[in-house]
Structure formats: C-alpha cells, structure tokens
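A.B. asks: Annotations per TrEMBL:
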DOMAIN    5-126  domain 'Dihydrodipicolinate reductase N-terminal'
BINDING   G10, A11, G12, G13, R14, M15, D36, G99, T100, T101, A123, P124, N125, M126  NAD(+) binding site
DOMAIN    129-265  domain 'Dihydrodipicolinate reductase C-terminal'
ACT_SITE  H156  active site, proton donor/acceptor
BINDING   H157, G166, T167  (S)-2,3,4,5-tetrahydrodipicolinate binding site
ACT_SITE  K160  active site, proton donor
Amino acid sequence: MNDLRIAIAGAGGRMGRMLVEATLRDAEATLAAAIDQPDAVVLGKDAGELVGLPCGILVSSDRDAGIAQATCLIDFTRPEGTLEHLEICRRHGTAIVIGTTGFDAAGKNAIAAAAEDIPVVFAPNMSVGVNVVFKLLDLAARIMNEGYDIEIVEAHHRHKIDAPSGTALRMGEVVAQAFGRDLRQCAVYGREGVTGERLPSTIGFSTIRGGDIVGDHNVMFCGLGERVEIGHKASSRLPYALGSLRAARFLSSRSKGLFDMQDVLGLR
Ligand SMILES: NC(=O)C1=CN([C@@H]2O[C@H](COP(=O)(O)OP(=O)(O)OC[C@H]3O[C@@H](n4cnc5c(N)ncnc54)[C@H](OP(=O)(O)O)[C@@H]3O)[C@@H](O)[C@H]2O)C=CC1
Ligand SMILES: O=C(O)C1=N[C@H](C(=O)O)C[C@H](O)C1
C-alpha cells in the first residue's frame, strides 16, 4: 500500500472531483476517503464513479472516520468547514493541505495554531504557474517601486463566492511587501462615482465573475508611457489538484509546521 493515503473533503465539489481523479491517477497515492456534507447528492456514491474511475471508496459524511484513514487531508471547501476539519486532523495527527480561500483573521490564526501540532500547507493557489508569478511580481515590484500604479484584475466563474480571489489578495500582498507597504492600508476594492484622482500609494483590485472562467489574474504596473502586465490564466483545475498532491507529498516528511506552495516548490 502507498504511504500517501489521501482523504478529500468536499469530494463532490468542483475541486473535490478533480482531486479524486488526480489522486486515483497518481501511482504513488491512494484515495483513502472521500468526504462531503451530510446532505450532499454524492453521498454513498463511489467517489471514482463521479470521474469515470470507479474505485470502491464511497463518499461519506463521517469526517472522523475518513480523516483517521488518511495520512493527509486535502481540503477545498469553505472556511467554516475547513476549520472543523482542521481540528479533526489535529486530533488524529493527520497532515492537511488547505486550498480553501476567504478566511478572516481569526481563521488564519486558527490555522497557524493547528500548525504547531500538525503539518499544514495553506495556499490560495496550488498551481506551479501562479507561484512562479508571485516570484516575478516580487522582482518587478522591487525594481518598479516608484512611479507605477498597481492594478490587479481577476476573473472567475459565476459560482465563486469570495472576492477578490485569494490569489489576487496574495498578489497584492507580495507587491505591497516589496514596496514596504501594508496591503490593509493601501488596498482599494473597486471604484464607483466621483472617486477623485488615484492616490499613488494605493493598490487597486477589480473583480469579474462570469460563466465558467476557471481563474484569470493580471497585475498591471502602470507608469507614464509604459505598462507592464504580469498574469496567469488557468484553463483547467488540474494544476491546482497536481499542486495539492505535491504539497501532500511534501508534508509526508514533516511532523508539524505551517508551509505554503513557495515552500513546496522551493521558491523561498
Ligand atoms: N488554492 C487553490 O489552488 C484553489 C482554491 N480554490 C478554493 O477552494 C474552495 C472550493 O472551491 P470549489 O471546489 O470551486 O467549490 P465547490 O462549491 O464546487 O465545492 C465545495 C465543496 O465543499 C463542500 N462544502 C461546502 N460547505 C462546507 C462545509 N461547511 N463543510 C464541509 N464541506 C463543505 C461543498 O458541498 P455542497 O456542494 O454540498 O455545499 C462542496 O462539495 C474555494 O474556497 C475556492 O476559492 C479553488 C480552486 C483552486
Ligand atoms: O474559486 C476558485 O475557482 C479559485 N479560487 C482560488 C482563489 O480564490 O484564488 C484559486 C483559483 O483562482 C480558483
């Protein structure tokens, strides 16, 4: 049996299904459990059948039993669900990869506290491409640290419930940090009416929601006479799932600690 025994929370969701498929196709991983809500339509179904790969693991709402079977839980659900799963992982000593976005400060603190006991990867975007973009943004911001206005535009599918995306916020944090600013003090979330002239120290965010857009992010450094754009477009959720499995593998040799995809990919 493989040492990498993966439980997937939110197994019937958009990311959950992609994670089930990626886990079943991964020769080094075993799908140990598929978890979803007590009222989920997928409950009792073969998790693999949802993605055309029957595997004998039934989707269950028994989170305790599912997490106990696994060495790592991969969780792409909602903040309130993730925080409950986190505590169960803590009780069982199970590692957790958290892809869920939209946590408030208290939620982020709870994740940091749990990481004192168990290994955690917590990242708003698991794709290799986006994590390389974070590095490029840091480099660009260190050089273009004066005379450039920063505007971040993100677009996602009509079902997304949080805005701006976790990835857009992290992009803002990366740029703000390189500028020596605090994003909480300089972020501007959308504009309407007579806004007055743009303040030079601000970082603007614009959000588009529509159709089945998987995830587009574009950061503009707008100067006088030139504009640099650094962005990423996802055309599939597969990179998020493959990154999550890479993160689970990374955690298998750790006993505790809080990490993100920059650690997993060796980009620190
Ligand atoms: N870090 C990354 O790389 C990425 C992060 N994400 C994030 O992952 C999260 C999920 O996205 P997506 O898959 O599109 O969403 P979906 O709505 O498609 O899936 C969410 C799943 O979680 C379940 N769920 C909802 N609430 C709870 C809860 N309180 N407790 C337990 N389970 C719950 C849902 O069940 P039900 O349908 O029954 O409500 C569903 O199965 C979002 O926060 C998104 O931003 C997404 C893609 C990449
Ligand atoms: O909800 C999504 O779909 C996505 N959410 C993440 C985010 O909020 O950044 C990552 C990705 O963009 C897809």
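In case you wondered, yes, glycine gets a Cβ from its N, Cα and C as well.
Keep in mind that what you see is a predicted model, and the values were worked out from it rather than measured.
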A.B. asks: Quick check: of the recorded positions listed here (G10, G12, A123, H156, K160), which one has the Cα closest to that of T167 ((S)-2,3,4,5-tetrahydrodipicolinate binding site)?
C.D. replies: A123
A.B. asks: If you measure every Cα to Cα pair among G10, A11, G12, G13, R14, M15, D36, G99, T100, T101, A123, P124, N125, M126, the residues listed for NAD(+), what is the largest value in Å?
C.D. replies: 22
A.B. asks: Pull out the recorded positions from the set H156, K160, G166 whose C-alpha sits within 10 Å of the C-alpha of A123 (NAD(+) binding site).
C.D. replies: G166
A.B. asks: Which binding-site residues from the set R14, D36, T100, H157, T167 come near ligand 1, judged by a Cβ under 6 Å from any of its atoms?
C.D. replies: R14, D36, T100
A.B. asks: Between R14 (NAD(+) binding site) and H157 ((S)-2,3,4,5-tetrahydrodipicolinate binding site), what is the CA-CA distance rounded to a whole number of Å?
C.D. replies: 11
A.B. asks: Please report the three-state DSSP label of H157 ((S)-2,3,4,5-tetrahydrodipicolinate binding site).
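C.D. replies: It is coil.
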A.B. asks: To the nearest whole angstrom, state the Cα distance for the pair K160 (active site, proton donor) and G10 (NAD(+) binding site).
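C.D. replies: Roughly 15 Å, rounded to the nearest whole number.
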A.B. asks: Going through the recorded positions A123, H156, G166 in sequence order, which have a CB under 6 Å from an atom of ligand 2?
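C.D. replies: So the answer is H156, G166.
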